[in-house]
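Annotated features, as they stand in Swiss-Prot:
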BINDING   TYR56  chlorophyll b 1 binding site
BINDING   TRP78, SER84, GLU97, ARG217  chlorophyll a 1 binding site
BINDING   HIS100  chlorophyll a 2 binding site
BINDING   ARG102, VAL151, LEU180  chlorophyll b 2 binding site
BINDING   GLN135, LEU145, GLU212  chlorophyll a 3 binding site
BINDING   SER155, GLU171  chlorophyll b 3 binding site
BINDING   GLN163, PHE260  chlorophyll b 5 binding site
BINDING   GLN163, ARG174  chlorophyll b 4 binding site
BINDING   LYS211, GLN229  chlorophyll a 5 binding site
BINDING   ASN215  chlorophyll a 4 binding site
BINDING   HIS244, ALA253  chlorophyll a 6 binding site
MOD_RES   ARG36  N2-acetylarginine
MOD_RES   THR38  phosphothreonine
TRANSIT   1-35  transit peptide
TRANSMEM  98-118  transmembrane segment
TRANSMEM  150-170  transmembrane segment
TRANSMEM  218-238  transmembrane segment
Amino acid sequence: MAAATMALSSSTFAGKAVKNLSSSSEVQGDARVSMRKTAATKKVGSPWYGPDRVKYLGPFSGESPSYLTGEFPGDYGWDTAGLSADPETFAKNRELEVIHGRWAMLGALGCVFPELLARNGVKFGEAVWFKKGSQIFSEGGLQYLGNPSLVHAQSILAIWACQVVLMGAVEGYRVAGGPLGEVVDPLYPGGSFDPLGLADDAEAFAELKVKEIKNGRLAMFSMFGFFVQAIVTGKGPLENLADHLADPVNNNAWAFATNFVPGK
């Protein structure tokens, strides 16, 4: 009865007669009606969206800012620096984060996978990600997957031109539309372009957006770590991992940070 009384006294029911509330079956008593409606609301709710979403406010934030309402995926209510206070800046940064997260996920896979295959007997010529590009300046040029019968690149200018044309076309279609029709949302599949049907189920699609942004953020941190490893150790991520597992005392971030001398 206490729960029912609270539900009836909330702003949701203010100024409304209880008898007007819809129900799938005949009920008796105000308490039962209010409890059914409350349960339905919780059932369709998501832990990742809305005011009751999962939050991380950090050590310097007492409460979530008013402009972070949980409308977008990845909003944990934390913005100590006020980066999202301006709506236009927030929209721009949100797009940049999603796009960079996707590239980082592809990049992290591209850094690890060739090295993994090379360590299992597959010949790549050069499997370490930050050394691979320099092969284009070698006599034999850069061979895709180490196979001369595939893409055989010998001109860095030609690669640059292909990248500009292909990536520019894809980005142009993403923002302004293309042969498939107008763009519904420049950030996510849907409308004329959704070959996998990801947007067919709205609830599942909303959850996929959260998974994407979380994995994208992790991938961006991973890529930053790969860059630091390349500068400090001159090795790929899997080789660094193998060295750490073989000798964790001498091969770790603290050991390298205290002994690292730039240029040596």
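Along the chain as shown, the residues are counted starting at 1.
Just so you know, glycine gets a Cβ as well, placed from its N, Cα and C.
Projection of Swiss-Prot feature records onto the structure.
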{"residue": "TYR56", "record": "chlorophyll b 1 binding site", "CB count, 10 Å": "9"}
{"residue": "TRP78", "record": "chlorophyll a 1 binding site", "CB count, 10 Å": "16"}
{"residue": "HIS100", "record": "chlorophyll a 2 binding site", "CB count, 10 Å": "16"}
{"residue": "GLN135", "record": "chlorophyll a 3 binding site", "CB count, 10 Å": "16"}
{"residue": "VAL151", "record": "chlorophyll b 2 binding site", "CB count, 10 Å": "13"}
{"residue": "GLU171", "record": "chlorophyll b 3 binding site", "CB count, 10 Å": "12"}
{"residue": "LEU180", "record": "chlorophyll b 2 binding site", "CB count, 10 Å": "12"}
{"residue": "ASN215", "record": "chlorophyll a 4 binding site", "CB count, 10 Å": "16"}
{"residue": "GLN229", "record": "chlorophyll a 5 binding site", "CB count, 10 Å": "20"}
{"residue": "ALA253", "record": "chlorophyll a 6 binding site", "CB count, 10 Å": "12"}
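Secondary structure from DSSP puts GLU97 (chlorophyll a 1 binding site) in a helix.
Comparing C-alpha positions, GLN229 (chlorophyll a 5 binding site) sits nearest to ALA253 among the binding-site residues ARG102, GLN163, GLU171, ASN215, ALA253.
Across the structure, VAL151 (chlorophyll b 2 binding site) and ALA253 (chlorophyll a 6 binding site) place their CA atoms 38 angstrom apart.
Here the candidates are the binding-site residues GLU97, ARG174, GLU212, ARG217. The one whose C-alpha lies nearest to that of TYR56 (chlorophyll b 1 binding site) is ARG217.
Across the structure, SER84 (chlorophyll a 1 binding site) and HIS244 (chlorophyll a 6 binding site) place their CA atoms 39 angstrom apart. Note: GLU212 (chlorophyll a 3 binding site) has non-local neighbours PRO73, VAL98, GLY101, ARG102, i.e. same-chain residues 6+ apart with C-beta under 8 A of its own C-beta. Here ARG174 (chlorophyll b 4 binding site) comes close to VAL183, PRO186: these same-chain residues lie at least six apart in sequence, with C-beta atoms under 8 angstroms from its C-beta. Calculated from their C-alpha atoms, the gap between HIS100 (chlorophyll a 2 binding site) and GLN135 (chlorophyll a 3 binding site) amounts to 26 Å.
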